[in-house]
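Some features that Swiss-Prot has for this protein:
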MOD_RES   SER14  phosphoserine
MOD_RES   SER15  phosphoserine
MOD_RES   SER30  phosphoserine
MOD_RES   SER31  phosphoserine
COMPBIAS  73-88  compositional bias 'Low complexity'
MOD_RES   SER78  phosphoserine
MOD_RES   SER81  phosphoserine
DOMAIN    98-161  domain 'bZIP'
COMPBIAS  118-130  compositional bias 'Basic and acidic residues'
REGION    133-147  region 'Leucine-zipper'
Amino acid sequence: MAAESLPFAFETVSSWELEAWYEDLQEVLSSDEIGGTYISSPGNEEEESKTFTTLDPASLAWLTEEPGPAEVTSTSQSPRSPDSSQSSMAQEEEEEDQGRTRKRKQSGQCAARAGKQRMKEKEQENERKVAQLAEENERLKLEIERLTREVETTRRALIDRMVSLHQA
């Protein structure tokens with residue numbers, strides 16, 4: 001399984017959010033190991049329905065478009081009776097939630113792309129700075145060598161002059 005970058009700048013997320021996301025990820029991964037389906041004992045259809053209707057799809061918004069638990073929430077509901085207006089309302093709410101989740105996924109992916117772009121730009125800027133500093137360092141080394149030679153030449157000239165004044 002390949003790691004993906006986060007859809008946001010790392011410093012904008014609080015530790016409690018990261019912890020909650022980590023717990024959600026653990027739940028998703030454990031359900032993936034089981035096969036991505038929810039297995040219930042016979043006669044628990046009502047409890048199963050509660051489980052999947054209370055699952056918050058927004059917590060899974062950062063997942064990729066790959067099939068997984070987000071699809072399970074939409075397909076694993078108990079059968080509806082045709083005269084039940086509550087179940088149709090619940091279905092509409094769930095569809096709205098899934099629509100919001102898709103929008104969040106898309107905006108999260110856009111944010112991830114923007115974050116990656118900023119990281120690339122920052123990396124390129126840092127590389128330019130390193131190159132500039134290396135050039136500046138080399139220039140300063142050459143300047144130090146030149147000044148060292150000049151000081152040595154001046155020192156010799158001064159010593160020669162003092163010796164010639166002493167002899168005269």
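Just so it is clear, glycine is given a Cβ too, placed from its N, Cα and C backbone atoms.
On a predicted model such as this, the values are computed, not experimentally measured, just so you know.
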Reduce the DSSP letter at SER30 (phosphoserine) to three states and note it down.
-> helix
Residue pair SER30 (phosphoserine), SER15 (phosphoserine) - Cα distance, angstrom, rounded | 22
Looking only at the region 'Leucine-zipper' (133-147), report the model's average pLDDT.
-> 96
SER30, SER31: which of these modified residues has the highest Cβ count within 10 Å of its own Cβ?
-> SER31
For SER15 (phosphoserine) and SER31 (phosphoserine), determine the Cα separation and express it in whole Å.
-> 24
